[in-house]
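Beneath this line is the structure, given in structure tokens, with notes to follow.
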Amino acid sequence: MTAPLIDPFARAITYLRVSVTDRCDFRCVYCMSENMTFLPKKELLTLEELDRMCSTFVRMGVEKLRITGGEPLVRRDIMTFFQSMTRHLESGALKELTLTTNGSQLEKYAQALYDCGVRRVNVSLDTLDDEKFAKVTRWGRLPQVLRGIDAAQKAGLHVKINAVALKGFNEPELFTITEWCASRGIDLTWIEVMPMGDLGNEDRLDQYWSLKDVRKAYEQNYQVTDLTERTGGPARYARLEESGQKIGFITPLSHNFCESCNRVRLTCTGELYMCLGQEDMADLRGPLRDHPDTEQPLEEAIRKAIGLKPKGHDFDYSRQSVDGQMTRHMSHTGG
Ligand code: SAM
Ligand code: SF4
């Protein structure tokens, strides 16, 4: 292993999120427009390139890989990539291989993922109502995702649900979703909607449902205890004493979590984003493709990029304009 990755603010970078495709079989309203133009195939890292890239990060101290997208499980032959990452789990260099998925393909792949050493999956699910589900995902169908969650649990995968908090949309379902998760032993995390993509989308401000309000709603029905657990990301956790359930709150807008940030994000084209809320990125595809026989230029490029990781970001809805708004879509950097 080479020297660990430490950024200028003494944060060790141990967590890499990797977007393996910009494509998706859904068109969630807060994530994509209905008519997306996807990248030409030659722009994407091949599965072999993804392997080289991730293996280099693992050699440099990354212990946790989260595979995301777009929808990671719609990338052709993606299971070969998961299989190839198994060797890093077996060697002990990688502590966790995980993914974030919309669940549509889990019925097909849950067992294979388990067999590759995946133990936890995050499934995005904003509503348990068929019609609302079709509305928010545009192309998705709820029963398919529920079958996927069943298959994942049956295969032994620990499932966590991520739900984007949308005012006036899943607000009335707060307790229904919470109880549904509790009845299945599933942890639940709420995410504040972020100002990604769709510049000038007025609805976005209307949709914003502060997690402070979500928490208040819980407090009216449950005894809520804050947990000290931290993951180095924007999530904070609390326990509902009545059910013992852990609820996560991801609040990139109303909280500053940057001081403990341990992660960077790789896009499917090999751009490394050092911060979700900043445009700064480094191209890693060049050093990778230009040097098929040595990883040294790639390692140097990674080290240089980490040296530029900013202290923090600047999303802010508070002035009722979308400050710090990012022009790239979430499916590009991977959520
Ligand atoms: N397709 C997979 C999925 O939906 O889980 C993985 C990629 S998706 C971009 C990752 C996460 O980002 C999902 O949980 C999704 O709800 C979330 N997301 C997408 N756009 C968002 C936005 N504008 N604000 C907050 N979360 C967003
Ligand atoms: Fe696809 Fe996930 Fe974006 Fe929805 S949130 S459009 S499922 S990438």
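Glycine is no exception: its Cβ is also placed from the backbone N, Cα and C atoms.
Note that TrEMBL annotation is computational and uncurated.
Taken from TrEMBL, the feature domain 'Radical SAM core' applies to 8-234. The average pLDDT for the domain 'Radical SAM core' (8-234) in the predicted structure is 93.
Counting every protein chain shown, the Cβ of Arg263 (GTP binding site) has 22 other Cβ atoms within 10 Å. In the three-state DSSP reading, Arg263 (GTP binding site) counts as strand. The GTP binding site annotation in TrEMBL covers Arg17, Arg66, Thr100, Lys160, Arg263, Val264, Arg265.
Per TrEMBL, the feature [4Fe-4S] cluster 1 binding site maps to Cys24, Cys28, Cys31. According to DSSP, Cys28 ([4Fe-4S] cluster 1 binding site) is assigned to coil rather than to any helix or strand.
The S-adenosyl-L-methionine binding site annotation in TrEMBL covers Tyr30, Gly70, Ser124, Met194. A 10 Å cutoff on Cβ-Cβ distances gives Gly70 (S-adenosyl-L-methionine binding site) a total of 29 other Cβ atoms nearby, all chains included.
Residues or ranges marked as [4Fe-4S] cluster 2 binding site by TrEMBL: Cys258, Cys261, Cys275. Of all Cβ atoms in the protein chains displayed, 23 besides its own lie within 10 Å of the Cβ of Cys261 ([4Fe-4S] cluster 2 binding site).
Per TrEMBL, the feature region 'Disordered' maps to 311-335.
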Let me know how many other Cβ atoms fall within 10 Å of the Cβ of Cys275 ([4Fe-4S] cluster 2 binding site). 21
Rounding to the nearest whole angstrom, report the longest C-alpha distance spanning Arg17, Arg66, Thr100, Lys160, Arg263, Val264, Arg265, listed for GTP. 21
Would you mind checking how many other C-beta atoms are within 10 angstroms of the C-beta on Arg265 (GTP binding site)? 22
If you rank the binding-site residues Arg17, Arg66, Lys160 by how many other Cβ atoms lie within 10 Å of their Cβ, the lowest count goes to Lys160
Here the 10 Å Cβ neighbour count for Cys258 ([4Fe-4S] cluster 2 binding site) comes out at 19
Reduced DSSP assignment, Cys258 ([4Fe-4S] cluster 2 binding site): helix
